[in-house]
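Asker: Input: one structure, supplied below.
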């Protein structure tokens, strides 16, 4: 068994030992109240003496049959003194016998002293117990976790509407025995070992403590080699410092420090358990556990001489301590099974004590809690007209702002205000006709810790002291003398209070106060509670009900938690997540999702598990027409040379993908297909074949498994691709490299078994022989397809559904999916618990509802749509619930957000199966399609489950009805089983969404001519019923669009001529204006000039010319520049279209001829004529399209040239495929630097020169042959996947040598 496993077993056994050690009595269910004397019962008030609390024993009929208070309100309570600290495991209640008085709900509070009460909580929420429904039945409650206390209070919350509060009670439990030590802040216990050194591999320390201050050392031990362990309170939190010293201490940092807990200075008991086995440590404070491993190499803890508890004594200096000592009580202190306090009580010689006693002495401090931000206040009387003022108190809060004190000073000396603003303390004295006096002190006083405040004034001088630090006290001087006030308002002012005795320039205080002194006299807050001193509103007296809402931290994915008194906030900056609790990823889950948003190829972050624990991963998304590829790069994708590696000294390379193994696994599992190229170039270096069967090279994949097959082969077969194809150089072997030849060869192929990918390491062992050399290359991880994005199911009956395991989402739940339907209503999904549930449904054609109940009653978030959602289109739904809010998003409609209550139940407890498309009752089922269903980032495979479920079919057709609008510029949406694609055949653009421009650089002599099908017969009286094959040539309309960029005028942009010597020309005249010129046989020359500026200005311009019948519209740069109606036009029988220079001898008017002389120099993009894209045809289909190119034509991006001089733009555009694969039989010269590489380079240059000479000769021969080509043509059969527009227009010659395309090198 490995070390981590041993550690886990050891810690588990330690936990069982600890449980056995601390258990006091397994039969802990005895009745504790029935034998108590009458004096053990007290209450807030009593209706009559016959209704006193002494009659509140269960099943008793004495007096009036139970306790009832004077007034029935939430300030009443019944208190029981159980005589000693006991363990309480249950309670029971009854109403007042024979009456209409009973309590329907209540809370419990407990205390050791009858002061400083604590409310019983469950899941950090004050637990509300269900009471009675009549006067005599008994309602029992067994506590989820027991309480150890002497005093117990029942606090009624609600009671019978037709009666009053009435109560009889019983408490169940048993005696509780413990060993307690009281530390006064100046003492400690020392536990000395029997030997000089205590060396341990396993330690278990357990204790309970109650602290009177926020700092102090609980225990400490250290050794001479640097080992130490320290547990101490720091600002109300518990810190464990541990160092397992080793010999390399000076070279490594083995110190480990972990902090846990909060508000531990509240004078209540807190439990601690520390379990260590070697480096593995479990640190538990109350219910919160943190698991961690210590740093360094050592496994054992060496402590010299002794352990100290309560402080760290300085050797040789009795009574002197290194850090602040602990002030409070420690109970049941065990160190590795030794009861330290018991040894001390029995005065064992190994225990040395300071001023330590063995009972817990606690000060009778009464805190109060200001509950409301608007109504809470405490009014206490002062001693008026005293010369001077003295007020002091302590406070703690999470709120940055709040009024602490307001009073009107006597003798017209003004008003005194003390308040928090932005976490800083401000004291303000203001008086009419005098400048206000202001003092500001402190920062971050809303940190939840106790802060003391002391205000002293004498005559004209006032002093403000914060946290008893006299050295930093602030002083101010007033014009008038200061006299003590009559009334002091703490925390706020009464409602509608306009008297100047209480002023509040800020919100009311929410927090706790204690130790209030006015005029140097302490104020008894119990008298306030009894109504005999001052006044108050919305206070909890005798308890500080502060709660750390950031413990545990419910901000996910590393979000930073901050809080106020009523809620918490999450800072999601630098987390890659968003939302109220940083739950939702800001990135998509796959490249497929980015494509769905209309994105094009680029680097993106993807978050494969969405809101799950895995972080985002940077990938390259290659979004093409047919597949969407995801590429994950690693640290070494180039060709790498290897020499000198043998079995004793192998060559090893590990790959870093800048991601975790879990992230890569999620990407691979989500994809339909994955691959990695593996190339091994070898010269006398074998790959797989060895005499004993152990290969010379191998690779390591997922799960750290060693694999013995190479690229192009299959798992379990120790072969290369050529072995499967039976094409190896030497047929005796299964790899080319295994032939062990002196010349370079290679074995290259794809590794495509997903369960083995990615490649994490490669090992090579055969390059240490004479003249032996190898070079390897492992390409990036490539995957395509998102198995979930189009994963869908069709629900055909209302009774059909899919069921999945229970959805576990106690504190955070997000549900997202797409749906389409024609039904009026139906439940998308439902999961039930005993009382809790979660449901998403379409209630009406325009209404989606998300319903949830976590125990506080149902909550519904509803989104109303202005248009019906049952339109058989895909719609997106995202429902989310966290501790702060419940929300529902439908498509891009406004999100519906409901804030969660600050208190109450918050854990969603579900236990039934998850029903998708229906309910457990088989009613209100959904009819339609659901796809891409995610729950908390996890993907549910609807298709696989639908294959085995009657009434449900896998998949759902009809994606183009929703996503067809993503195909732009004339592209057509094509349905696919798992999605859709855009067919850009009928578009001048290309790309996955037909949005990418097709553009090229023209020089003065560049000419592109597109030849249309010749009409038959060539006559203007040709029947309109001629074959459809002539439709393009005889049409009587123009739909022209193109973009251009140039710095030259005049220029000929576009020329269209007919078989009847008519033409249409688009030119730039000498002054840069745009002209559209029609030459018609009837009307002669018609000229339309757009003279709105110089269009030869090195900027991109977009031109659209539309003529339908007699109406002509010319639009430039999205603005209609001209409209014209022809009297008559008959522009048909199109012969050809030319971009740039017209090279044939054609009749041109002088202006067109002049422009043609200059041709066109610049960039032209996305040219469209009716349904023909001549520029795209020239660049993409030169061998099959009826297009001729003359001069230099270089594909380029016009937008990239806008800042460049088009006269000198000569950079050739290269559209490199990031997934391009090279099929080389030798290593790349830039990777393998050897003499053979240099020779190869020289040979390549010579070959290149020879090809250039051949190309030039071919050009002249081709031009000569073109001049004498036959005018007769023969129709050719085209491939089926060719664009349909080309099939009708292409006119090819009989042989390839007679193609109309002209090439230039």
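Every residue, even glycine, has its Cβ placed from backbone N, Cα and C.
Per Swiss-Prot, the feature disulfide bond maps to 329-360, 512-544, 550-561, 555-570, 572-582, 929-956, 960-973, 967-982, 984-994, 1163-1198. Swiss-Prot lists 180-360 with the feature domain 'Laminin G-like 1', giving sequence analysis as the kind of evidence. Per Swiss-Prot, domain 'Laminin G-like 4' is recorded for 1017-1198. Summarising the annotation, Swiss-Prot assigns transmembrane segment to 1237-1257 and lists sequence analysis as the type of evidence.
Where in this structure would I find these features, and how exposed are they?
Answerer: Under the three-state DSSP scheme, residue 329 (disulfide bond) falls in the strand class.
Around the Cβ of residue 512 (disulfide bond), the number of neighbouring Cβ atoms within 10 Å comes to 22.
Other Cβ atoms within 10 Å of the Cβ of residue 550 (disulfide bond) number 18 in total over all chains.
In the three-state DSSP scheme, residue 570 (disulfide bond) falls into the strand class. The Cβ neighbour count for residue 570 (disulfide bond), using a 10 Å radius over every protein chain in view, is 26.
Note on residue 582 (disulfide bond): other Cβ atoms within 10 Å of its Cβ, all shown chains, come to 25. Secondary structure from DSSP puts residue 582 (disulfide bond) in coil.
In this structure, residue 929 (disulfide bond) is part of a beta strand by DSSP.
Other Cβ atoms within 10 Å of the Cβ of residue 960 (disulfide bond), summed over all protein chains shown, number 19. Mapped onto three states, the DSSP output places residue 960 (disulfide bond) in helix.
Classification of residue 982 (disulfide bond) by DSSP places it within a strand.
Packing around residue 984 (disulfide bond) is summarised by its Cβ count: 27 other Cβ atoms lie within 10 angstroms of its Cβ, all protein chains included.
Cβ-based neighbour count (10 Å, all protein chains) for residue 1163 (disulfide bond) stands at 26.
When averaged over the domain 'Laminin G-like 4' (1017-1198), pLDDT in the model lands at 82.
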Asker: Say you check the Cα of residue 544 (disulfide bond) against those of the disulfide-bonded residues 555, 572, 973; which is nearest?
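Answerer: Nearest in space to residue 544 (disulfide bond), counting only the disulfide-bonded residues, is 555.
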Asker: If you count Cβ atoms within 10 Å of each one, which of the disulfide-bonded residues 360, 555, 561 comes out on top?
Answerer: 555
Asker: Show which residues of the chain containing residue 967 (disulfide bond), separated from it by at least 6 in sequence, have their CB under 8 Å from its CB.
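Answerer: Sequence-distant Cβ neighbours: 973, 982, 983, 984, 993, 994.
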Asker: Would you mind pulling the DSSP three-state label for residue 1163 (disulfide bond)?
Answerer: strand
Asker: Between residue 960 (disulfide bond) and residue 1163 (disulfide bond), how far is it from one CA atom to the other, in Å?
Answerer: 35
Asker: Of all the disulfide-bonded residues given, namely 572, 929, 956, 1163, which is spatially nearest to residue 360 (disulfide bond) at the Cα level?
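Answerer: Checking each of 572, 929, 956, 1163 against residue 360 (disulfide bond), the shortest Cα distance is to 572.
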Asker: Between 544, 572, 973, 994, which of the disulfide-bonded residues has its C-beta surrounded by the fewest other C-beta atoms within 10 Å?
Answerer: 973
Asker: For residue 329 (disulfide bond), which residues in the same chain are close in space, meaning a Cβ under 8 Å from its Cβ, but six or more apart along the sequence?
Answerer: 180, 181, 182, 183, 209, 210, 360, 362
Asker: In three-state terms from DSSP, label residue 1198 (disulfide bond) for me.
Answerer: helix
Asker: Among the disulfide-bonded residues 550, 570, 929, 1163, which ones place their C-alpha within 10 angstroms of the C-alpha of residue 582 (disulfide bond)?
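Answerer: Candidates kept after distance check: 570.
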Asker: Would you mind sorting out which of 512, 555, 572, 956, 1198 (the disulfide-bonded residues) have a C-alpha within 10 A of the one on residue 561 (disulfide bond)?
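Answerer: Neighbours among disulfide-bonded residues, in sequence order: 555, 572.
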Asker: Please work out the number of neighbouring Cβ atoms within 10 Å of the Cβ of residue 956 (disulfide bond), leaving out its own Cβ.
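Answerer: Within a 10 Å radius of the Cβ of residue 956 (disulfide bond) lie 25 other Cβ atoms.
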Asker: May I ask which of the disulfide-bonded residues 512, 550, 929, 1163, 1198 is closest to residue 570 (disulfide bond) if we compare their C-alpha atoms?
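Answerer: For residue 570 (disulfide bond), the spatially nearest of the disulfide-bonded residues is 550.
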